[in-house]
């Protein structure tokens, strides 16, 4: 039998429709409450999604084969919650926060009705006591800390405790398991409370204590096209829509490896199973370029593949953001990668159809936009009571059918995010990786980033705008060349076209398989961008289009070689010197 609270409300199945059950209830229940359905000597986890009189509709998170009319249903009395505490990092969970490595020990395939603790109860943690007897604390205040990898994991007063608590007893510093009572307290009403290292929080409610503040720190990801053309601030939101095969998942894998954040929560809610396996095989062997440790030391993975029931997709995306919010409350910078929010939206559409709700555009529920907005609004930078700041940056991959950016999920996402990184099938087919199309992408953070970088790089904002103008003009001239040929345009237009192509090939594109070019530090980007602007501001003298193309191809080859050399090495400095000499040989004037 499953563990439930003292409330023992029960019911029985009246009707089953896929994973949606209609249940007659004998007692009090509430929407969002967890229920367990009896089938074949096991219990399947479910959630109440609609209450009508003495009947409720529940969505079951697992395969419902074998459920019959009259099957017993038990209601737990608590909402769908995440278990939060030390030990989540390096964890690999399913959408219900079961540890997959533990389930793998019991069976090759996931058995339905098997649930395990998200946090290991046997692991011993070195606990350092911070609170003192007599101190008055409230939700989110620190009781003590444990060392989780390189992070000081704060053991906090549970966020479900909305009253002030006077501490009456604290444990001494030492080695304890997570279920050890580390402090006791008394509320103003006289209620006695005991605190362990673990707390629970409903995943569909925002997890926040503190003041939301404007984002003011750049999130360096090592991709020049993102850091320069479509920058994102820590605490910002952005999306990566693109058709099948455009490189959304590869882009998200790059972000999880190289983004300058403390912790990455990777939520694979609808990825193909093979891509999830690739993550699990690669990440333990990859090194974090910022710390030199394994990438798994800063990563938490929620794997919910397309082959799992649709209801679990919704729980997995909310579970991921709840874990991310929990670590943000410790003053850490978090990146949540959701791949893909379209699969979540499809799950909403399927459940909405079974509930017989009035459909919206393309049969998605009418509340789709508000659900997506509520999800992205849980991101942001937060200032805690102790003055520390944490941030949660959200990146959602969107998979529009046929690459149609006008479909409802993409449009609902674009209305709430701060940056749009549109992936193009045409660029992917042309092997222009990363296949982010700078012509359709945008960022609301450009001016903020320019303001931050103004002291270090004067005129950064204007330089980025100039580069964008060259890309736009070059694209227009390229279309004319396809019609009338190179002989039908002026030499000045030919020069603009070749400069835009040079910028695209040598700056916006990167080689993910090159040890140096796969990750470009910000200082290196600034130097390379300075070189590109020097080329933009220079006028050259050519006799004919062929000579111009030959010169820019030679220049492109040398800059590409430079990108593959170790930054500030002797070879790098020599290569840079050769490039500037080559420019001087053809330069007429500098603007």
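Any Cβ shown, glycine's included, is placed from N, Cα and C.
Swiss-Prot annotations:
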{"type": "BINDING", "residues": "242, 243, 244, 245, 246, 247, 248, 249", "note": "ATP binding site"}
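Surrounding the centroid of the Cβ atoms of 242, 243, 244, 245, 246, 247, 248, 249, where the record places ATP, the chain contributes additional residues within 8 Å, namely 399, 423, 425, 428, 435. Taking every protein chain shown into account, 242, 243, 245, 247 are the binding-site residues, and of these the Cβ with the most other Cβ atoms within 10 Å belongs to 242. Sequence-distant contacts of residue 248 (ATP binding site), defined by Cβ-Cβ distance under 8 angstroms and a gap of at least six in the same chain, are 240, 241, 242, 339, 340, 397, 399, 423. Counting other CB atoms no more than 10 Å from each candidate's CB, the binding-site residues 244, 246, 249 peak at 246.
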